[in-house]
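Undergrad: Found this in TrEMBL, in case it helps:
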| type | residues | note |
| --- | --- | --- |
| DOMAIN | A:312-479 | domain 'Helicase ATP-binding' |
| BINDING | A:CYS542, A:CYS545, A:CYS582, A:CYS585 | Zn(2+) 1 binding site |
| BINDING | A:CYS551, A:CYS554, A:CYS569, A:CYS572 | Zn(2+) 2 binding site |
| DOMAIN | A:577-731 | domain 'Helicase C-terminal' |
Amino acid sequence: MEDLFGHSYPSTNKTLFADIILPVPIPRSFTYSVDPEIQDEIGIGYRVMVQFGKKRILTGIVAKVHQKAPEAYKAKPILDLLDDFPIVNALQIKFWGWMAGYYCCHIGEVMNAALPSGLKLSTESKVQIHPDFDLENPSFPMDERELVILEALEKNPEMNVDQLEPLVAAKDLHKIIKSLLAKKAILVYESVKEKYSPKIETRVRFSPEYLSESHKLNELFEKIKGKVKQENVLLKYLQQVPVFNDQALNEQGLAKKVLTDAGCSSSSIDTLVKNKVFETFKIKISRFDPIKVEEKSIELSQDQLEAYESIQHEFGTKSTVLLHGITGSGKTEIYIKLINEVLDSGSQVLLLLPEIALTTHLVSRLQKVFGDTMGIFHSRYSDNERVDVWQGVLSGKYNFIIGVRSSLFLPFDSLGLVIVDEEHESSYKQFDPAPRFHARDAALMLAWLHQAKTVLGTATPAFESFYNAQTGKYGYVKMDKRYGGAELPHFHLADILKDKKKNLLKLDFTRLMREKIQEALNNQEQVLIFQNRRGYAPYISCEECGWIPECEHCDVSLTYHQYQNELRCHYCGFKEKVPNKCQACGSEKITTVGSGTERIEENLSLLFPEARILRMDLDTTRSKYGYQKILEEFGSGNVDILVGTQMITKGLDFDRVSLVGIVDADRILFYPDFRSGERAFQQITQVAGRAGRRNKTGNVIVQTRRPDQLIFNHIIEGKYTEFYQQEMGERRQFYYPPFVKNIKIVVKHKDFKITETAAFQLKNLLVEIEGRKIILGPEKALIGKIKNLFHFEIWIKLERSTQAQEHFKHEMAQKISELHGDKRFRSVRFLVDVDPS
DNA sequence: AGCACGCCGACT
DNA sequence: GTCGGCGTGCTC
């Protein structure tokens with residue numbers, strides 16, 4: 001507490017209390033008392049250690065400090081204050097609170113998602129010998145295994161429980177510790193363990209005495225003359241660190257690794273250290289390689305400049321702008337200019353990208369402009385790397401972050417601009433685990449909390465966003481020319497059924513598709529083939545009786561993967577060998593049905609034996625750099641055809657791709673869900689955007705059984721708005737978003753009957769809630785059982801007003817916990833998904 | 001969620 | 001007898 005003159009006083013003698021966010025799924029805040037010693041330091045965003053329940057010690061985050069003692073119970077004290085400065089700021093706490101409220105989850109779940117686990121301290125149980133216990137003179141008989149433990153502790157007075165595990169059979173350990181504890185032979189206590197460790201580098205440099213007088217160095221060389229190895233070390237060092245020119249350089253030293261990499265042995269360096277010629281020291285270094293800024297300023301084309309100015313103009317009255325720019329229209333340069341401007345004004349910038357787009361050229365492009373001031377937040381980063389980025393934001397090292405959805409949680413304190421690239425991308429919304437937030441929507445809230453501007457960039461806006469632009473809530477800027485005057489690709493519809501009748505459909509490919517592929521191959525151009533289904537065949541089947549192998553744990557057929565010759569469940573990971581006989585009738589006539597990427601790849605190699613083919617799907621990109629490797633391979637031009645799932649629709653920019661083929665457009669289009677049309681439009685347009693660049697018009701072949709569908713017309717002609725309006729008519733009529741708010745509740749349990757009953761009872765309770773709403777279901781989910789849990793779904797359609805939503809969500813939470821209180825439904829899980837995808 | 005407490009069956 | 005199965009209740 002400070003007075004007017006900035007003097008600080010110890011706090012008043014009133015006891016302080018703190019509301020702590022704890023990583024537990026309980027919808028309550030927990031109040032602890034603050035001991036006087038830490039009263040002056042504690043504040044919002046500090047990490048603390050508290051006891052929770054009888055045994056658990058947890059780390060939590062201070063959400064609020066106040067003087068109101070809880071009435072119903074006596075607050076436990078905070079055990080320890082863990083930081084010298086807050087690790088989370090007040091805006092973040094607000095953001096967490098909003099997220100928990102909006103997405104109907106617990107704030108502890110938000111905290112878990114927000115903090116890199118390196119910042120979540122873990123406790124470990126440590127064991128030591130009881131001070132009053134005498135091993136030589138035990139007051140009770142001991143068995144051999146107890147003795148083993150005690151002897152180990154004798155040697156090493158502080159051990160954690162894990163370390164003891166190898167000494168005895170794992171199952172017994174708990175028992176032994178318990179009995180030793182009861183006999184007062186040992187003590188068990190919890191200790192906190194910081195998981196994050198900065199990256200440390202060992203460096204060497206001249207000892208100061210050698211440096212102060214230059215003749216000493218000459219003497220040194222005399223002294224070690226003939227000792228080739230040591231000489232070599234010195235020369236290498238001087239080569240890297242020319243201390244003769246500038247003595248100050250010695251201070252920095254040289255990484256020991258540089259010398260060893262250059263062929264100096266570690267022992268020869270050690271000798272120099274032993275003789276006090278060199279000294280070693282350790283410093284913290286960044287996990288990220290330094291990056292040079294290569295291009296400071298960028299030139300905008302006329303179109304880009306106009307778009308940029310329109311955005312600025314819209315920002316005059318609106319805080320969010322939808323930038324609707326077709327693929328290749330050059331949104332990146334506009335981003336760069338906007339980012340530069342905000343950075344110059346001293347504010348921070350966040351650029352969100354979908355997971356899959358983060359390894360692409362966009363990142364390296366931006367890196368060239370922004371260098372080391374740009375932090376990258378990747379989902380494949382290790383935990384230490386994440387903490388490094390987190391601390392980079394805290395320290396001000398990074399004022400610009402480019403990252404995936406979880407980068408929303410970084411400790412920004414003054415965002416000026418948030419850009420959500422590919423804002424339509426459905427992977428921004430995820431279901432598991434909670435919080436089930438939509439990164440675009442959360443970004444808008446985050447920006448609002450910071451009073452920052454937001455740009456939503458896309459070639460195919462999400463209908464929600466376009467609706468907001470149409471109704472004037474967002475500004476709208478359109479770019480419909482390709483950068484450098486390149487033309488849009490030509491679309492061709494290929495009728496699968498027609499070709500089939502005429503026997504022209506070969507191995508899933510229509511005649512038109514085959515001809516166009518051949519043409520591209522002849523011209524040394526590259527081809528992308530899109531099939532949104534991995535594996536070899538979606539299922540196998542007995543020709544005699546129609547038997548189809550299904551997953552033991554889920555309500556799905558097993559996908560055949562030829563490469564490993566196994567059947568796999570794409571929902572739970574279950575695997576089994578391919579049966580050689582039908583398990584129902586014993587027939588050996590088993591065939592594969594349908595085509596996934598594996599089979600498409602095989603078919604292509606049969607149709608075009610001379611072509612070099614590569615496949616990109618979850619199975620070929622599982623390793624850390626798998627995705628990048630395939631992209632590089634394709635980019636190098638050593639590959640003619642790339643077959644892939646969704647993955648190939650993102651971030652591929654290769655000039656030599658002239659043809660894009662979609663094997664089965666119907667699969668995208670006829671998915672049973674109100675968004676299927678929107679999604680089909682987006683996916684087909686996105687993948688088509690990969691065809692043809694700069695100076696060559698590309699081709700897109702869309703194979704379908706229903707070429708008469710109106711949507712194809714809209715896609716082919718690029719008529720987004722017409723398509724939007726047509727779909728909107730239906731959405732309005734049948735109460736779909738954006739005209740209503742959707743909430744989905746998934747009811748899960750291992751017993752079918754219990755799941756069903758719980759779901760129906762919940763519906764009955766929800767119906768009682770006041771306000772206008774439509775409740776659909778419960779219905780068995782599309783996939784009725786996953787991992788041995790039955791799924792039922794309830795869909796709720798609500799008025800859009802915030803008030804109506806908040807009221808409903810609040811009541812709903814009560815009803816769910818009411819139902820949970822019923823002992824029959826104790827173990828039933830109710831998952832709430834707001835704005836489900 | 002985790003963890004304790006408490007109440008029942010099958011084992012050294 | 002006790003160990004351990006899991007149903008129930010609570011966590012500031």
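The count begins at 1 with the first shown residue.
Cβ atoms are placed via backbone N, Cα and C, with glycine included.
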Undergrad: Tell me whether A:CYS554 (Zn(2+) 2 binding site) sits in a helix, a strand or coil according to DSSP.
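TA: Note: A:CYS554 (Zn(2+) 2 binding site) is coil by DSSP, not helix or strand.
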Undergrad: List the Cα distance (Å, whole number) between A:CYS572 (Zn(2+) 2 binding site) and A:CYS545 (Zn(2+) 1 binding site).
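TA: Given the Cα positions, A:CYS572 (Zn(2+) 2 binding site) is 27 Å from A:CYS545 (Zn(2+) 1 binding site).
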Undergrad: Please report the distance from the Cα of A:CYS545 (Zn(2+) 1 binding site) to the Cα of A:CYS551 (Zn(2+) 2 binding site), rounded to the nearest angstrom.
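TA: Checking the Cα atoms of A:CYS545 (Zn(2+) 1 binding site) and A:CYS551 (Zn(2+) 2 binding site) gives a distance of 19 Å.
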Undergrad: Here are the binding-site residues: A:CYS542, A:CYS551, A:CYS572, A:CYS585. Which has the lowest count of other Cβ atoms within 10 Å?
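TA: Among the binding-site residues A:CYS542, A:CYS551, A:CYS572, A:CYS585, the lowest count of other Cβ atoms within 10 Å belongs to A:CYS585.
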Undergrad: What other residues of this chain sit with their CB within 8 A of the center of the CB atoms of A:CYS542, A:CYS545, A:CYS582, A:CYS585, the recorded Zn(2+) 1 site?
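TA: Near the Zn(2+) 1 site, the remaining chain residues are A:GLU543, A:GLU544, A:GLY546, A:TRP547, A:GLN583, A:ALA584, A:GLY586, A:SER587, A:LYS589.
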Undergrad: Using C-alpha atoms only, work out the spacing between A:CYS585 (Zn(2+) 1 binding site) and A:CYS551 (Zn(2+) 2 binding site) and round it to an integer in Å.
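TA: The separation of the Cα atoms works out to 19 Å.
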Undergrad: Near A:CYS554 (Zn(2+) 2 binding site), how many other Cβ atoms are within 10 Å of its Cβ?
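TA: I count 22 other Cβ atoms within 10 Å of it.
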Undergrad: Give the sequence-ordered list of residues that share a chain with A:CYS569 (Zn(2+) 2 binding site), lie 6 or more positions from it, and have CB atoms under 8 Å from its CB.
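TA: Non-local contacts for A:CYS569 (Zn(2+) 2 binding site): A:CYS551, A:HIS553, A:CYS554, A:VAL556, A:LEU558, A:THR559, A:LYS575.
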Undergrad: Average the pLDDT scores across the domain 'Helicase C-terminal' (A:577-731) and report the rounded value.
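TA: Mean per-residue confidence for the domain 'Helicase C-terminal' (A:577-731): 89 out of 100.
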Undergrad: Of all the binding-site residues given, A:CYS545, A:CYS582, which residue's CB has the most CB neighbours within 10 A?
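TA: Sorting the candidates by Cβ neighbours within 10 Å, the top entry is A:CYS582.
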Undergrad: Taking the centroid of the Cβ atoms of A:CYS551, A:CYS554, A:CYS569, A:CYS572 as the Zn(2+) 2 site, which other residues of that chain lie with their Cβ within 8 Å of it, listed in sequence order?
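TA: So the additional residues around the site are A:GLU552, A:HIS553, A:VAL556, A:LEU558, A:HIS570, A:TYR571, A:GLY573, A:PHE574, A:ILE786, A:LYS787.
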Undergrad: DSSP secondary structure for A:CYS585 (Zn(2+) 1 binding site), reduced to helix/strand/coil, please.
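TA: Reduced to three states, the DSSP call for A:CYS585 (Zn(2+) 1 binding site) is coil.
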Undergrad: Helix, strand or coil at A:CYS569 (Zn(2+) 2 binding site), per DSSP?
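TA: Once the DSSP labels are grouped into three classes, A:CYS569 (Zn(2+) 2 binding site) ends up as coil.
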